[in-house]
Structures are given as structure tokens and as C-alpha cells.
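Written out below as C-alpha cells is the structure these notes cover.
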Amino acid sequence: MATRPGPLTEWPWHRLGNFKYVVMAPVVAHGARRVMRNGWGDLDIAFSLILPSLLLRMIHNQIWISLSRYQTARSKHRIVDRGIEFDQVDRERGWDDQILFNGLVFYAGYLAMPSVRRMPVWRTDGAVVTALVHTGPVEFLYYWFHRALHHHFLYSRYHSHHHASIVTEPITSVIHPFAEHVVYFILFAIPILSTIYLGNVSAMGIVGYIAYIDFMNNMGHCNFELVPEWIFQIFPPLKYLIYTPSFHSLHHTQFRTNYSLFMPFYDYIYNTMDKSSDELYESSLKGTEETPDLVHLTHMTNLQSAYHLRIGIASIASKPYSDSAWYMWTLWPLAWLSMVLAWIYGSSAFVVERIKLNKMKMQTWALPRYNFQYGLTWEREPINDLIEKAILDADMKGVKVISLGLLNQAKQLNGNGELFRQKYPKLGVRIIDGSGLATAVVLKSIPSDAKKVFLRTGTSKIARAIAIALCDRGVQVIMNEKEVYHMLKSQIPENRASYLKLSSDNVPQLWIVHNIDDNEQKMAPKGTIFIPISQFPLKKLRKDCTYMSTPAMRIPEEMKNIHSCENWLPRRVMSAWHIAGILHALEGWNMHECGDEMMDIEKSWSAAIRHGFLPLTKA
């Protein structure tokens, strides 16, 4: 929102929220009526292109979003080395509004101008007219309109909304108040109306011109330099006809320079080109290699989780993951296809996120594998090969710590990472499974006045550490798994072993659990508090019970470039396993935490609090 919003700031369908696509219902109804009356042959090319062209524009923009986020996480060609936060993602959530607006106006134009219904697929002379009119009147008028928008009166009421994003993403290009978009549409309609008036309009000419506008808008706001220098060396005048991402980036950081739409020519002739444009272009193109201090290695969970990655769909990634959202299921076919392609061609981890905490740099890498694949016996070796490759790549790059997230540290897969430590005893990178901090977070979430807990966790080292710590506190630990009970009892000091009890009766209302099924949840007494020790949340089956979060903590304000949620966790909340790796790097601890090794619980907790991580309240 602008600092002092003026008239026509909001889109007309703003109050519809996610149901805004209903505004295209008249177009759908019109087409359906014609097909039912006269068959598919009754649809002319002009009408037939309205809805498909809107869909293609959305796909085009999404490709740019994913590409930009991927490159700014890993590339040395980043232009503005600052992060974006959730407020920018929320502000730019409605990037498709202008596509809907264009669709409605094109439909109105189709109804109002019968001549366009007979237009051919392509006219070369029409394309030439479009290019000339854009280069002249459109670029000229846009330049002066843009300069007017930077006058205090219009800037405070309209254009400041766009400039709230100093670090741009491709979709920043279309984040403007409704009134601005009306003017932009009028400007971009000039070449199209010119071809209609001259009688050389064509379907592909219109679609191609709009695709050009989208491409240049997205490229100019992508925040990484990709225009190669050799293009300008081969044809020097091109420097005045096509801008670069670094050229337009200066407009967002300096505000009073580089006003041109896509052609810097007008900034040159009116002396508004930023003097550092060439220097920034060259330095961004050259780039600087960067080595992260920490890598967190994760993976996809279920099919739709690919959309929840930071490089997926921005608005979905900015919220805690939920597979119950109806719109996620509409994307299922594409999710299934991406899973198959990842399974066949995914041969290494890929970078999905880049975070900074003061001077420490972190990256999140994801393996192209899903939860169900970790349960397949024949997939264990290939998955371990992927993890091993990621560890060796991190070691070669000089990364200090690599933390294993989700199932990448499963005991049955690689012994909590011990497999790699044994195989490569001279590793420089420290392998962390985060068990020490995860244990600490669980223990700190148990009420201090608790006298009894019910433990249903299996035999993981976190479960053992929790049982031992609770017995040391004098808390009675009740279990109903005989085999696990005897295994744990043998590891508890004799003077504390009496606090461990095997029983199925008088089960308390405080349950510490790993992964329990629906039947076990139904057995819990009313008012039970479930505290999970797993990285995966429990299914919230009971409304009369309380479900705590998986082990996690709130991150400090100093941690920057956080604009996506870690799986199902709330905003600016990070799993204990991820945080453990950060602490390892911050503190310079030299030990591995994998296999049976575990960091001191209190030491891990104290370090987390000291560095600004805060405990969570209940989920």
C-alpha cells in the first residue's frame, strides 16, 4: 500500500480474495454457450486465445519467479545483496491481478470491435508497426509518466507502493495500484490499437507483444544479472534499446535515475541515467564467489511439497505447509509429473534458500526425493549416495557444518549420519543431526511441575536422552512398550531406574510421542498434551487434546532473508535440527553430532538462548 493511498488504489475484486478468478466467469459462460449451440468450430481465434493466453502468462511469470529465487540463492551474479521478508511477499501476493484485468479488457474489446474476430494468425507488417509504435510513443510517454509518478503528490499516493520493494523479484514489476495499471494498459494498448486501425492486426502479434512486455518486466526485476556482455559488443546500439536487470535495479535503490521502461535511450537523452549503471552491470556480471558457513540438507515431503519450497510458489511457501488446502489438489497432476522427473533425473541436491545471521551465511539444499522414497528398501543406497555427494560437495566448498534434516538422518538409512563419518574420517565439514538441541527443546516444553509422563517414542537416541533426563529429574516415565522399556532401563543409573515404569494403566495426560497412529491417539485420556519428538507433526485427530509443535524455536530478528516457512512450521520458526547446525557453526564446535554422539543438552540450549533463539508456545 502507498504511504498515503489515493483513489482507485485497490483492485475492484480485492474483497473476493482467492475467489477473484470468478470475475472471468462471463468469458467462460460466453464460450460455453457458443460451443453448446454451434460446436467448437464456432470459436474464432481471437476469442479462443483469451483464456489460454492468461494461463500462459501466469506460467511464464511463475517460471521467472522460480528462476530468480533459485539464482539469488546460489548465483554469484546477484545484484542487490540484501534479503526480502514476509511483508514483501504478502504485498506482492496479488501479482496475477493485472493478468485478470487484461483478460477482462480484452474480452470487452472483443465484444466492442467485431473486426478483430476475423484477424489472421500472423501479419509481419503488423509486428513491425507494433515494434515502431512501442519504441516511439509508448516508451516516450511511459518515461514522462514515470517521472510524474516520482513527484511527491503521485509518489506518496500511488508509486510508493511499488518502490516499497527495494530488493526486487520478477513479480515486483507488476505490483502497482489499480489506477497505475489502468494507465499502463492504455499505453500498451496504443500499438495494438494502431494495428487494428491500420488493418494489420494479428493474433500472434498481440500475444507476442504482451509476452515481450512480461519478459522484459520480469527480467528487469529478477535481481541477478543475466544479459551477456558479448551482445553489446556485437551490436553496441543495443545498449540504448534494451535495459539490463542491474540498470533497472538502480532505479529501485537510487529512486531518481533510470526511469525508462525497457529502452535506456530516453534516460540518455534526458540525462537521467545513473552514472554507476555500467559499473554495476560489469561487477554484477563478474560476481563474487561465496561460500556458506552452514548447509542444511532437507528434501521434499509429499507430492505437493515441491510448491512449498522457496523456489516454488511464493505465496504458498510463505505459509505453513498444509496438504488440506483445496487449491493444492488442483496442482496434483503437475506435482506428480515433477516427482517422476526428479526421480529419474535428480542426481544431486539443489539450493533452495540463502539466509544470513549477522556475518554468517547459510544455505538450504534439498534432495530431489520424497518421503515415500525413503521407505523403499531399494532406494536407500541411491539416497545415501545423494547425501554423500552433498556432504562431499559442501566439504570441497569449505562449508564448516552440514546439518541433516528430516529423513536424511534416519537411523535405518545411515545411522543418524554415522555412515558418512566412518567412510570419510578426515572430513573437514562437521556432520550434525541436531539431536542434542531437539532433546533440549522437548525437555523445556514439559511443565516443570510434571510428576508423570507417558513415553511412546521407540528407541531413538533422542528418546533415550529424554527418558534419562526425566528420570534424573525425578519424573515418573511410564511406558507400554516392553522391549523398549527393558532397553532403556539398562541405560538408566540404578538409583534412578525406579522412575521408569512399564504399565498400561493410569496413563497420565502428558504424552511424549514419536509417530503414533490414530488408534493410539484415541486411547489417550481427555485433555492429553501431545509433545512430539519427531521432525514430522502429529495428525491432529482429537479436539479435546492439545498438540505441541515439533521441536522448534523462534529465530532472532537479526536473521535475514526469511520469506518462506520451513515445512509446517509458522513464520520465522525453525526446526531444532536446523538450528543445531547454526549453533555448531556460530560456536565453532569441532565435534560431529551423528551416530550415537550427542551434544550436551544444556550446552545446546544455553547457546540457542544466547544467540537469540526463543522457545515456542503450544502449536
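Quick reminder: no glycine exception, Cβ is built from N, Cα and C everywhere.
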Check each of the ranges 126-146, 567-587 against Swiss-Prot and return the one annotated as transmembrane segment.
126-146
Who are the chain neighbours of the transmembrane segment (94-114) in space, where the CB to CB distance is under 8 Å and they lie at least 6 residues beyond its ends?
11, 13, 20-21, 23-24, 26-27, 30, 46-47, 50-51, 53-54, 57-58, 61, 171, 174-176, 178, 181, 185, 196, 210
Residues of the same chain, at least six outside the transmembrane segment (45-65), with any C-beta under 8 angstroms of its C-beta?
24, 27-28, 30-31, 34, 95-96, 99-100, 102-103, 106-107, 110, 116-117, 119, 121, 169-171, 203, 207, 210-211, 214-215, 218-219, 222, 313-314
In terms of Cβ proximity under 8 Å, which residues at least six beyond the ends of the transmembrane segment (325-345) contact it?
18, 300, 303-304, 306-307, 316, 368-370, 373
Summarise the domain 'Fatty acid hydroxylase' (138-272) by DSSP state, stating how many residues are helix, strand and coil.
94 helix, 1 strand, 40 coil
